[in-house]
Each structure stands twice: as C-alpha cells, then as structure tokens.
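> Residues or ranges marked as domain 'Replication factor-A protein 1 N-terminal' in TrEMBL: B:5-75. Positions annotated as region 'Disordered' by TrEMBL: B:85-151. Among the features that TrEMBL reports, compositional bias 'Polar residues' is placed at B:93-120, B:131-151. The domain 'OB' annotation in TrEMBL covers B:167-248. If you look up TrEMBL, you'll see B:275-372 marked as domain 'Replication protein A OB'. What TrEMBL lists as domain 'Replication factor A C-terminal' is B:431-576.
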Amino acid sequence: MGDVHEAPRPRIAAAQLAQYIGRPVCFVGRVEKIHPTGKLVVLSDGGGCNATVELSEPLDEEISGVLEVVGRVTNQATIMCMSYVQFREDKSPFDLELYNEALKIIHEFPEYFPFG
Amino acid sequence: NTRAIATGNGPPRYRVLMSDGVNTLSSFMLATQLNPLVEEERLSAHCICQVNRFIVNSLKDGRRVVILMDLDVLKTADMVGGTVGNPVPYNEGQGQQRSSAPAANTAPNKLQQQNGSLSAAGSAAPKYHPPSNQFSKASAPSSLKTPGGTQSKVVPIASLNPYQSKWTICARVTQKGQIRTWSNSRGEGKLFSIELVDESGEIRATAFNDQADKFFPLIELNKVYYFTKGNLKTANKQYTAVKNDYEITFTNETSVVPCDDAQHLPSVQFDFVSISDLENTPKDSIVDVIGICKSYEDVTKIVVKASNREVSKRNVHLMDTSGKLVTATLWGNEAEKFDGSRQPVIAIKGARVSDFGGRSLSVLSSSTVVVNPDSPEAFKLRGWFDSEGQLLECASISDVRGGSASGVNTNWKTLYEAKSERLGQGDKADYFSCVGTIVHLRKENCMYQACPSQDCNKKVIDQQNGLYRCEKCDREFPNFKYRMMLLVTIADSLDYQWVTCFQESAEFILGQSATFLGELKEKNEQAFEEVFQNANFNTYEFKIRVKLETYNDESRIKATALDVKPVNYREYSKRLITSIRRNAQLG
C-alpha cells in the first residue's frame, strides 16, 4: 500500500470518513484512547468526533497529543494507517478547532484547494 | 396678523394676533423655532392653525403672553380667504370658566382659561401642561410648588433673556463638567458648567467659586431641577456648541430645587456617528459616538508641560457594528474611575475628533460619557456584539503604537492593500502590520559607524587618525559602534515592498548582533555571507511605517520596519478564515 503516499490524500474531518471509503486520506486528531494491543488508536478531531485508526504493527512507543495520520479509509470507516507524525506541542499548543475551521474552508472552496 | 418684533440680537421674534372666531388676542409670540413658518409664508394672516403646545408667560406688568411652541397650519390663508366669524378683542380678566365646545378640526383653537390649562381642538391634546399661571386665587392643581410655598412661574428656556431677572426654568441637566480652577494675574477661582435642556431649547449655565462649591455636589447629570434666578448674559460661542444666544451665570440668589414630575423633558440627546464615518470627519469636530468598549488600557499619569500639572489619562477602544475600532482618550476623574470590565457599551456626547494616528477621539471637559446607556442603540450594540461582534477582527482607525500584545487593534494589511490604499501618501505617516517573507537582503552598506555615546546614533566621521568625530555630540571618540540599517525586500502573495530595518529589527532578522556582524565582515567574509543567506526566505510579522519623503525634489514612499516578530500562526489563521468568510459572503 505504498501507493497511498503517491496519491493525493485530502485532509478530512471524522465526519467525512464515510465519503472517503477506500481512498487515501490525511487525518489530524488528538489521541483519546489506545487499545491495549497497541494496534488501535482512537483520535478525536477538532469537531469532537472520533475516528479509529488501525495500525499494521503494534505501537512501539508511547504516543499522545495531536497526531497526523496518513492512510486509507476502510469499509468500516476506520483508517488503515500507513504513517503517522506526532505534532510537537512544546512551543505552542496545536489549535485543533482552528484546524477544523480551515478544513471546512478547504472543502467549501475546492476550486481554490484542488486535490491533485 | 403677524407682526415682526425686532429684537436686539438674534433671530426676529414674531408677534401674532390670533382669533378663535369669537375673540382676538394679540399677545401671542411665536417661539423662534417656528420662525420659518412666517418666513416661508405658511403662517400668514387668516390662515387657520392648530396650536399643539404653548406656554403662558407673565410679564412684570401683569400682562400675560402666550408663547406658541408648536403649531400646525391646517388651512393656509389663501384657502380661507378672509376673517372667520366676527371676533372682538378679548378682554383680560374676563370670565374664568368657558364651556368647552369640541371644535371641528378646521376651526381654530378655542382658548379656555381653566386654571391655566388649555385644551386644543380635535384630537390634539397639548402634550405639555403649561406651568400653572395663578391668575385666579382658586386653588388649582399646581404643577409646581417651590419650597416656602411661593409660586413661581416656570418659563421656557427659549424665552430667557437678560431683561428678565426673576425667572424659573424646569430643565434637565444634560451635561455636567468637572470643577476647573484657574489662576491668573487677576486672581484665582473655580467654576463648573452645565448644559440644561427643556422642550423649548437648551442653555449653558456656569457656577463660580462659592456657587460652584454649593451646587457641584447637588446637581446630578440627567436629573431635572427647577432653576431660579440667575444672571443672563450673551453666550460666548467659543466655549460651547449649545444653541442659545445667552447663557446663565449662577448668583448667590440662584436656587436649584429637584423636580419630580419631569417625564416630559427630553433627556440627553445623542446624534451618533458611526465609527467608520469618523474617518471622513474633519479633525476638531465635535461628535457623539456609541460603541462597545472592546478593550481598554490602564490609566497613566502624564505631566502637562504648559501648566506643569499631572493629569490622568486612559485610552479606551470602542468598536461598533461597522467593524471599525477607534481609540478614545479619557482624562482626569473619568479616566480614573473608568471600569471597562465586561465590555460595556459606552456613549460619548461631544467628543472631539483628532487626527492622531489617523482618527481618534478625545473626551473634553464638556463631553458626557455614559456607560451602558439606557437607549435602543445601546441595546442593539450589545446584542450584535454578544453574537457576532466579538468574533470580528476589527480594523483600527486610530493606530495603537506598541500597545496591545494581543494585536486586537493592529491594522493588518497585505502589501498589495498598503499600496492600493496609498498608505503613507498623505501628509502624515501611516502604520500597518503585515505578514511577509524576506526575499532579498542587501548586504552592501547594511551597517554604518555610529557615535558610541548612549542614545546617539549619528554617523561618525573617520578622522583617519584613530579618532572618530560625532557632529551631534560635538566630540571625538577613539571608537565607534556598528549600527544596522538593512534594506530588505519582503513579499506576500500579492506584492512586494522594500523596507528599511534598523538595529533591533535587523539584528532579529539576521540573528546576530551588529557588533558581531561588524567583526565578521572584516574577518570572515564567507561567514558573513552565510548569515544573510540563512536570513533569506523567512516569514515574519512586520509592523511598518510608511511615509512620503522628499529628497532633492524626488518624492518616494519610504517604508521602515518598526518591529519584526515571528508569525503568530493561530492569529494569522483566524484572520485569514474571517477574511475568507467575509469575502465569500460578499459573493
């Protein structure tokens, strides 16, 4: 599934997962829960909705805070994670609500924010 | 018949002969605000009119005069065509009670003397109960009894003149100034002034020295009092915008008594100008404004050089539905006791517009500041602000220099807007903030040798003997300090701009001190160049001053960076989102 990284992956909010089934996406959210197996993580987005992220291999490190996940949306509207990045919040906190606002604009004006 | 009565100064006063079909009476005076009716010939002999409001005045010789405050011309003279009925002159002192015959709409008023209250024709009842004019000893429901049981006749403010010394007016205090003291070659003293309003007009009153002490604590803004006996003199129009030819000076015979029945008197009248319109208001004009106090600064004390006195001042920032913000300066007592918590609605009457930093307001001693006024505009503002207003990023029309850290009052522009709005091309400098990326730095001549004295940045002349001369300090020094004057080009998505950065801004951009850079330039050229390369293509928030400058007959816009800061992306995003949404709405 390396092709996920070659295709354009729109940023979406949890509410839009259903519309992007089968497609590569980029999702940013705050870590809410980590499954004991380390293979499932629940993230909440700026609008307060949750998304479940599945990992191909269990986590080998502690993760917390805001995460950006790139992966493909499964049929169950979860994200099959290909790669993730932890946002550093040491200098200033990441404003997830503001990110949500930006997401709304991106999707409201697709002519200005074309995805590939 | 109308007859013009010439008065010494001021507008003409018209005396009118009225008839109700049965009697005529010539003691009618037209209030000056109705003068246009005569001048435009709407009110002329034989026309039929309906008197809506009037006041009866008693002259010293016992004669009574009816002042017509408000009347409507029902039928013009040419439509009537002649005298109605066969009226005979009315004899004063005649019969008290007249039966009231409800007249038809077109018939003239029937004068009814019934303890001083009169009824008008048709449906128009006088909204104003005339002050009781006790011409009959019969007990009358007097609308006014001053303490001591004396019956005073309340006259309208419009009728006050220097030739009448015994008068009483019933008026509301619409403005109360602070006590001011003066000291000049003729002595010292103190005074305070107030503005009074009743239905007939307004007038200014001043109390000096002892009267100032006596009345200042008694008289409260917006309350109604009976004012009796004072001196009338011609008004000094320089000091006031009050529309009256005369003004009152309190004497030691003046009395001020609270009045309870005052609903009919107009309260403080405002004529608000929207904050965005202030940009077009000429400076030094007096305006009324209303806005939400979005933020306010702490009170500071400054010394007035002229009088060497310390004065408190406080800047408050007002915003209204136009989305524009203006800074208003409060002084003295008002500055000290101001409480801007919870973002109240502030209404200011009679503030002066100044062109400081664009446009700002100064509250004068003659202004009135009302916090959370009880008026429909205030409620509208409150509602608007609580729902959308507080999210609005507002543009300030009065620049706040180095003020709020939150940037609430910063004037954000894109470089394109700065150029298209021709900022800096007026006679004064303009200030704005923008987010820009450095795309070029000029490393040649980015530093100069400056005078090493503290606070002196003048370029020194190399005497070539190991000494450097500063013309400003008129001294020679064995050393100098390097000072930066860096020319950079910054760009945003739409435009670019050359900006000069001095010491602090330049050192920030380059990330090195001027001294270190000076050394680097002399010793390690490559490292020096690297500093500049690293500085390139960084994005910052710039606070810029633009001004048109003329040098050898050539005028050019010069931009200087006053402050360079890292971009606050959160605020920047919010501004962009607001801007996008706003533009989307405009379609």
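Quick reminder: no glycine exception, Cβ is built from N, Cα and C everywhere.
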> With DSSP as the reference, give the number of residues of the domain 'Replication factor A C-terminal' (B:431-576) in helix, strand and coil.
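The composition, in the requested order, is 37 helix, 69 strand, 40 coil.
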> Kindly state the mean pLDDT of the domain 'Replication protein A OB' (B:275-372) in the predicted structure.
80
> Using DSSP, how many residues in the domain 'Replication protein A OB' (B:275-372) fall into helix, strand and coil?
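The composition, in the requested order, is 12 helix, 58 strand, 28 coil.
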> Sort the residues of the domain 'OB' (B:167-248) into helix, strand and coil with DSSP and give the three counts.
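Going through the domain 'OB' (B:167-248) residue by residue, I get 10 helix, 48 strand, 24 coil.
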